[in-house]
Each structure stands twice: as structure tokens, then as C-alpha cells.
Amino acid sequence: MAKYKRVVLKLSGEALAGEQGYGIDPEVIQSIASQIKEIVELDVEVAVVVGGGNIWRGMAGSAKGMDRATADYMGMLATVMNSLALQDSLENLDVQSRVQTSIEMRQVAEPYIRRRAIRHLEKKRVVIFAAGTGNPYFSTDTTAALRAAEIEAEVILMAKNKVDGVYNAEPSVDVNAKKYTSISYLDVLKEGLAVMDSTASSLCMDNNIPLIVFSIMEEGNIKKAVLGEEIGTVVRGSN
């Protein structure tokens, strides 16, 4: 039986690119859709927030002289492309889903309306939140934290493609990097650990929303996280 009834799954854009590193890998997105279907079948209400880093990064554009707000809006549009691709993969598996965007584009998706999103979840539809918060200067991690608070999700599942949890140093650089099984948001902020940005961490901490950081690369990990099995790192309001 699932430990959580309502979850927000945070997917990085890079996770959708697979080994090619750019764009959308159809096999990878199909695998993720299959894993989402597994937890929907456990009667879990699933909302998804997708990043856009596989197509465009606002910070990268800004660093090269582009207006930051313009670069961020481009990033939001990239998340819409990813969200539509994920919706298509879910529908191919007969999983009902809805894309809701923070920036209105009614021809392709619903506008974000909190009560409607909750109603979709109650009807066991997967709701994919796209276009970030709709505001520049906010990351999709912050979107995940904000939407989790709004829909009263019990946990955020942060699926990573390069690490399998939270470490005290970059494991790809430091062979002695130590993985935490659990850590508090306060310690994450104090130590400047690269889990999510400080705005997102603070929002989760203030609203007491736990976070499970794990690897998306191993199939079945989303289900393990939902079942409450020991996986990755759990970040809580207090340890």
C-alpha cells in the first residue's frame, strides 16, 4: 500500500534528454510515463512539474547577455514542450492526464486553476504543471514547492538523473563524498547543498513539505519512493 496519497513529482529537463543530453529521448520519456502509471495504479494522486533544461536554460541565456526575464520566459516555454511530450506518452499508456500552464495558451493546455487541478487529481488524472510559476526569476524547483503547497501534496519526489540522493560534496568530483539518508532543510540551506535553490527549500521548510531525492535512472524507483521504501535522501523540516 502506498505511503502517500498525493505527490508532486519533480522531473529535471535533463532527465528527459537521456544520454544524448539535448532534446527529448522518446525511450526515456516512455520509461518515465510507465513508472508514473505504476503509481497511479496504486491509487496515488500524481502531479508533475517538469524542468526545461534539456531545451533551454534561462540562466545560461542571461549569462551571455540576454535579458534575464526574456531568457526565463523562453525556459518556461521549454517546460511546456516537455509537458506535452510527457502527456502524450501517458495517454499512449491509457493514463488520463491534463497539462496546466501558468501562462495562458488555451489551444494546447488548460490555464492553471488550483481548484480544477485538485479536481483532476481526485478523478485520478495526472496533472502536469507547465511554464513554471509564470514569473521570471523563479525556478521549476520553486514551482514544485509552490504547487505542492497549493494542492496540499504530502511529499515532493525529486527525480534526479545524475545523482541518487543528497551528498556533502559533488560525487562526480569528490570520491569521498558522503550520501545523507536524511537531512533537514535548515542544514541544506546552511551548508549550501545543491538540492534545490534556496527559495524552493525555504518554501518547503515553511510549509513542512518533505522531499525525497532519488535517481530516476533506475526503473521502479518512483514506486519505491511512494511505497515508503528506503531510497535516496529524505529532506525534512527538522531532522
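Using N, Cα and C of the backbone, Cβ positions are placed for all residues, glycine too.
Asp72 is the residue from Asp67, Asp72, Asp164 that Swiss-Prot records in the UMP site together with Gly52, Thr133, Gly134, Asn135, Pro136, Tyr137, Phe138, Ser139, Thr140. In Swiss-Prot, the feature region 'Involved in allosteric activation by GTP' is placed on 18-23, out of the ranges 18-23, 228-233. The binding-site residues examined here are Ser12, Thr133, Asn135, Ser139, Asn161; by Cβ neighbour count within 10 Å, the least packed of them is Asn135. Residue with the densest Cβ environment among the binding-site residues Gly52, Gly53, Tyr137, Glu170: Gly52, by other Cβ atoms within 10 Å. Distances between the Cα of Tyr137 (UMP binding site) and those of the binding-site residues Lys10, Ser12, Gly53, Asn161 are shortest for Gly53.
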